[in-house]
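Asker: Dropping a structure here in structure tokens format, bear with me for questions.
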Amino acid sequence: MNLYLDIGNTNLKFGYEIENQFHFYTLPTLENYTCDMLSKNLESFIKKQKFNYLIVSSVVPSLNLVIKDFASIHLKSKVMFIDKIKKEILNLNGREHSSIGSDIIANALYVSSRYEDAIVISLGTATVIFHVVSKRLEGAIIAPGVKNSYLSLIQSAKKLSEVILKLPRKNLGGNTQEAISLGILKGNFHLINGFINELDPKGKSKILITGGNYGMLKDVLKDYEYVDNMVILGLKDYYEIFK
């Protein structure tokens, strides 16, 4: 059995699979983690499970050494980072894998083995949109994340206070809460749909949504398929390729 880890800018997401059922645990991303701290925080999740490998996608390089030590000292397992890719499995269009976020590569691996033509919208710290056609990663778009856009607005505008985001059934807000909800929720909906229409004007691509901020936009993105923890699933695919 393996342990999978998605190191994002906001959260660390751990997952392992028993009898085709994934179990997940989330910790906040902190740069002062030690391997002992991780072990203590994960004690109730890991219990007495034995792992052969810790498979990692990381966009926070400063944590990589700690993760290696954690795997070696506490898990007694080998560690595998996304550090190579086979062109026949996922064509990066001439780019080095190091120039592309490993979370994007993990998601693209998941997609490339299941769909001929797919657009993925990953709603995390950033909103990332990328297109995979015939196992080729065409490229990506990175925009401010939904939650960060909202928090940035509230923090930078002195007269605005935090509100509950709820989409009104009209095109113009009648008060500050409605106006902010429209700007953040419908604004991100139009941003996403605008890029989808540019990338896939004929509507032939499979559209997939993933990421922790999906809950904020699920009411406006309900026409698209949601895949929970796509990075973890992509890490499982990565292990199967390179084990």
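Each residue, glycine too, has its Cβ placed from N, Cα and C.
What Swiss-Prot records for D6, I7, G8, N9, T10, N11, L12, K13, T125 is ATP binding site. Residues or ranges marked as substrate binding site by Swiss-Prot: G101, S102, D103, I104, T176. The active site, proton acceptor annotation in Swiss-Prot covers D103.
Surface or core, plus neighbours and distances: that's what I need for these features.
Answerer: Under 8 Å, Cβ to Cβ, and six or more positions away along its own chain, T125 (ATP binding site) finds G8, N9, T10, G145, K147, N148.
DSSP gives D103 (substrate binding site) a helix state.
Packing around D103 (substrate binding site) is summarised by its Cβ count: 26 other Cβ atoms lie within 10 angstroms of its Cβ, all protein chains included.
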Asker: Need this for a regression test: binding-site residues G101, I104, T176, filtered to those with Cα within 10 Å of D6 (ATP binding site). What's left?
Answerer: none
Asker: Roughly how many angstrom lie between the C-alpha atoms of G101 (substrate binding site) and L12 (ATP binding site)?
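Answerer: About 15 Å separates the two Cα atoms.
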Asker: Can you check which residues sit near S102 (substrate binding site), meaning Cβ under 8 Å from its Cβ, same chain, 6 or more apart in sequence, and list them in order?
Answerer: S57, S58, V59, F81, I82
